[in-house]
Amino acid sequence: MAVLPLLLCLLPLAPASSPPQPAISSPCPRRCRCQTQSMPLSVLCPGAGLLFVPPSLDRRAAELRLADNFIAAVRRRDLANMTGLLHLSLSRNTIRHVAAGAFADLRALRALHLDGNRLTSLGEGQLRGLVNLRHLILSNNQLAALAAGALDDCAETLEDLDLSYNNLEQLPWEALGRLGNVNTLGLDHNLLASVPAGAFSRLHKLARLDMTSNRLTTIPPDPLFSRLPLLARPRGSPASALVLAFGGNPLHCNCELVWLRRLAREDDLEACASPPALGGRYFWAVGEEEFVCEPPVVTHRSPPLAVPAGRPAALRCRAVGDPEPRVRWVSPQGRLLGNSSRARAFPNGTLELLVTEPEDGGTFTCIAANAAGEATAAVELTVGPPPPPQLANSTSCDPPRDGEPDALTPPSAASASAKVADTVAPTDRGVQVTEHGATAALVQWPDQRPVPGIRMYQIQYNSSADDILVYRMIPADSRSFLLTDLASGRTYDLCVLAVYEDSATGLTATRPVGCARFSTEPALRPCAAPHAPFLGGTMIIALGGVIVASVLVFIFVLLLRYKVHGGQPPGKAKATAPVSSVCSQTNGALGPVPSAPAPEPAAPRAHTVVQLDCEPWGPSHEPAGP
């Protein structure tokens with residue numbers, strides 16, 4: 001009996017033999033399906049009509065599908081502590097905003113689908129924490145800006161990046177160049193106008209590059225393209241081949257795209273948009289010899305300029321060519337000039353010296369270069385002594401204009417500047433412009449017999465008021481051309497080029513025939529129209545006079561007709577019958593009764609009853625009537 005109490009005391013110390021209880025899981029969100037029977041856990045909520053990310057998500061889930069809903073934003077707390085999530089789909093929602101750090105806890109995430117939303121930009125903190133991300137799908141959004149550091153955390157692991165169907169005009173090309181493991185890069189259907197040289201040189205694992213339907217006019221050659229074989233069709237291509245797609249771009253087919261034409265490609269959709277001679281033609285049907293460039297020609301440069309020291313000066317240089325030449329400036333000391341504290345170089349060929357110094361005087365050289373060659377022009381700058389300080393009683397505070405003489409400019413420099421300003425650049429002996437009026441000019445050039453194989457002549461000209469270059473293609477047997485539709489009172493720079501076939505290379509080349517400058521006559525000033533208030537008052541007076549005259553004529557006609565009909569209206573004069581008054585005599589004597597005048601036979605008798613204050617007659621006294 002003593003053993004029983006001892007056993008009762010030892011019973012609480014015995015180990016529990018029941019199995020361990022599983023961890024309590026979160027309930028499945030409403031309208032969602034949760035697969036919790038087997039690992040990994042999945043939460044599936046596609047097309048559930050959700051307005052936000054459900055707060056009761058199981059944080060142990062490895063897959064979360066929230067596609068085809070109405071979620072407008074992703075907040076920081078929506079996906080917090082989901083460290084085991086591998087796949088996240090937010091496709092086809094209405095997401096406009098992703099909070100910074102919204103994916104910071106998703107360090108195991110491998111695939112993120114944000115396509116079909118309304119994102120307009122992607123900042124540096126919105127993808128922070130995705131250190132294992134491999135697939136990033138951002139297509140069919142409204143992205144217009146992509147921050148340079150937006151992909152920093154996933155740059156080493158990203159394999160698939162899709163930015164297609166957005167509004168991207170620029171990309172952080174330096175950041176894209178760090179995606180060393182990317183296999184597929186989709187940039188199609190955006191607004192990209194240019195690609196820098198070497199943008200893809202470090203993407204050694206790139207297998208597909210799609211830049212279809214952008215605004216690219218040229219594509220610079222890249223070491224990646226020359227190192228790998230390129231095929232347009234992915235089917236049947238070897239594993240190491242690069243699939244390259246550039247269709248739907250307005251390509252400018254000149255010598256800069258010869259490298260692309262030499263590649264062995266099939267069934268692609270590239271077409272030429274320019275120059276006009278090749279516009280609309282299939283890219284691969286254009287012969288390699290037709291991809292030509294035109295060397296630059298300097299069409300306008302500043303005349304010799306004289307300014308006092310300390311004042312600004314602007315040197316201008318304009319050049320034309322295909323492709324558009326790039327203009328650079330070289331100082332009199334032989335240094336290449338660029339943007340600095342004292343100088344600014346603009347893309348249109350203008351060099352602005354903010355503060356001139358005596359050592360700046362000399363000959364500046366303008367160099368216009370493109371893929372076909374280069375052209376140079378010299379501009380003289382004379383820097384005079386600095387002006388004295390303005391006096392207190394000075395009546396003018398405006399500095400003299402560049403190139404105009406003033407009291408501080410040496411006489412020689414002033415006269416030289418005035419002479420250059422008043423004269424026009426000399427005309428090339430080979431090209432003459434005659435019979436130029438207000439809107440037309442006749443251009444003539446000599447025969448180019450020393451140049452064999454001339455196909456045509458090209459005339460390039462523009463006015464001093466704008467930089468738009470106008471081209472005219474002339475047959476090879478012509479020696480003159482009449483330019484029409486010119487603006488009156490403007491100065492034009494014109495060059496004639498001979499397009500011929502180079503016998504050495506077999507390619508089409510151009511050779512300058514000559515340039516000329518001419519001015520159209522000012523248009524005749526038309527006669528001034530009458531002043532508007534004066535014209536209006538005159539019209540009112542004239543109309544009033546006509547109305548008054550009409551009224552007077554009408555009144556005169558009425559008076560005339562009234563007088564003709566004896567003072568009675570014409571209608572009533574014809575309708576009234578003559579009436580005679582007959583009265584009886586009180587003394588019984590009946591006097592003679594005056595008879596009424598006989599009516600006209602043609603006029604009908606009018607039966608008119610007239611009541612008179614007279615004595616009645618008897619039957620025997622009734623007058624005999626007709």
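The first residue you see is number 1, and the count goes up from there.
Cβ atoms are placed via backbone N, Cα and C, with glycine included.
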Query: If you check Swiss-Prot, which of C253, C255, C366 bonds to C317 via a disulphide?
result: C366
Message: Can you break down the domain 'Fibronectin type-III' (425-523) into helix, strand and coil residue counts using DSSP?
response: 0 helix, 50 strand, 49 coil
- request: Within the topological domain 'Cytoplasmic' (561-626) only, compute the mean pLDDT.
  value: 49
Message: With Cβ-Cβ distances below 8 Å as the criterion, list the same-chain residues six or more beyond the ends of the repeat 'LRR 2' (108-129) that contact it, or say none.
response: 67, 83-96, 98-102, 135-154, 162
